[in-house]
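Marked as transmembrane segment by TrEMBL: 58-81. Positions annotated as region 'Disordered' by TrEMBL: 89-161. Summarising the annotation, TrEMBL assigns repeat 'NHL' to 197-236, 247-286, 445-484.
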C-alpha cells in the first residue's frame, strides 16, 4: 500500500511525530486534532508552517556543528599555550652539617716520670644534600590531558677517620721511681705455682718456669717451660689462663717446645722465644695460634734462646747461648743482627760465654748476664765492646762475686739487679761498680723452699710500684717481694737514665 509521508520536525523523537495521513483514506483535520490531543501530542501544524520549521531546524543544526568545531580549534590553541607555559620546577635543598670534633689529651705525672699520650680522634664533617626537582607538563588537545613528573635525589657519603697515637714503652721492665734507699721485704708472696715448691701441669701449677713479664695492670705472664705453654695470671688469681701453646710439646702453630722468653709488644701481642723449636713466635692478642717472626736458618742461625726483651722501638733482643751472642730483630725483619758477642766463647770484652738474660734501658744501653764468665756486661749503643759492671769473672759467693748470673734488670737510678742462680739470691750493684754488690733477697746463705728462700732464681722483673717478681725455678713458683721505703723517705741520686722516657705501660 502506498502511503504519503508528511514532513517531520527534525530532532524530535518518534513519539512526537504527527500521525501519518493516508492518501487513499482521507482523515479529517478534526479527527487528527482529536487524536493528537488525546495522547498529549503537539497540535497539528499547518503545511506551510511545517516547511518553515524544518528549514529553521536545519539552519540550527549547521550552527551547532560550526560552534563545536570552533570550540575544538580554540581548545587546541589553548593546549599549546599551556604546554609552553605550564612547566613548574620546585627545588628543596636541605643541608645537615655535623661539626668536626678533635680532642687531644696529654697527661704527665712528674712524680712517677710517666708520660702518656692518649688517643687523638678526628671525625670528618658530614654533609647531606637532598635536591628534589619536579617538572609538570600539561598538554590539552581534544579533551586529552597527560602529566609527567621527574624526581632526582642526591645524598653525599659519610666518612669517619680515627687516628690513634700511642707512646710505647715495654712494661714489666722499667720501674717507675725507686728511691735509692729502698729495700725489699725478705719474705716472698707466691703469685703463681705452688708455694710448697711442688710442680704440676694444672692451671694452678708450674713446671720449671723461666721468663716472666708484668704488664701495667699487674697481669703476670709466665713462660712455663716444661708444660710447653705461656700462662697469664690476673691480679690475685691463683689459676692461670693459657695464652700461648696448648700444653703439648710440638712445633705446630699452636704449640711450643721449651719456651724460655716472653714479652708483650706495643700492640699487646705476646712474643715468645720458642727455644727448642729455634724460632720466635708472635701470638696476636687473644689468639693461641702463633706466627713465626724468625727461625733458625743458614743465613739466620738461631740456637737455644735463653731470654727475650723488646725495646722502646719494638725491636726484639734475643740471647742465643749456643752462639754466644745477643741478636736484634727490627720490626718486620726475620733476619737478626748481632749486637753483642758472636763467635767462640771467651772472656774478652767483645766476647760472651753462654749468655742468658738481657736488658735494654730506654737509651738503648744493653746489659747481658754473661753466665759462664760470672759477670754482667754493659754495651753502649752501637758498641761491640762491653764493660764489666757486676762480678769479676770469677765464681763465688762474696759481695763481689757471682755464681751463674742468669738474669739482669736496671732501675731508674741505673742500679743493677742480678739473679745469682747458683747462690740462690738477688744482688744489687749501684753505679759505683767497684764497691761490689749487696744482697737484697734470698740472703739466708742457703737455698730452700721457705718464703725467705730461693732455689734457682731464673728471672726477675719490676711491677709499676717497684715490687720485684722472681721466677723461683727449682721451686716451680713465682714470688713477689714488696718494696719498702723509709717513712721519712730518702734523697734520690741523679740517674744516668733519661727519666722522662721511663714510660710504664701502654694499655
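Heads up, the Cβ atoms here are built off N, Cα and C, so glycines get one too.
Taking DSSP states H, G and I as helix and E and B as strand, the repeat 'NHL' (197-236) has 3 helix, 16 strand, 21 coil.
Same-chain residues lying 6+ beyond the ends of the repeat 'NHL' (445-484) with a Cβ under 8 Å from its Cβ atoms: 171-178, 182-200, 205-214, 216, 218, 220, 222, 233, 307, 357, 406-407, 409, 411, 417, 419-421, 424-426, 504-505. Helix, strand and coil counts from DSSP across the repeat 'NHL' (445-484) read 3 helix, 18 strand, 19 coil.
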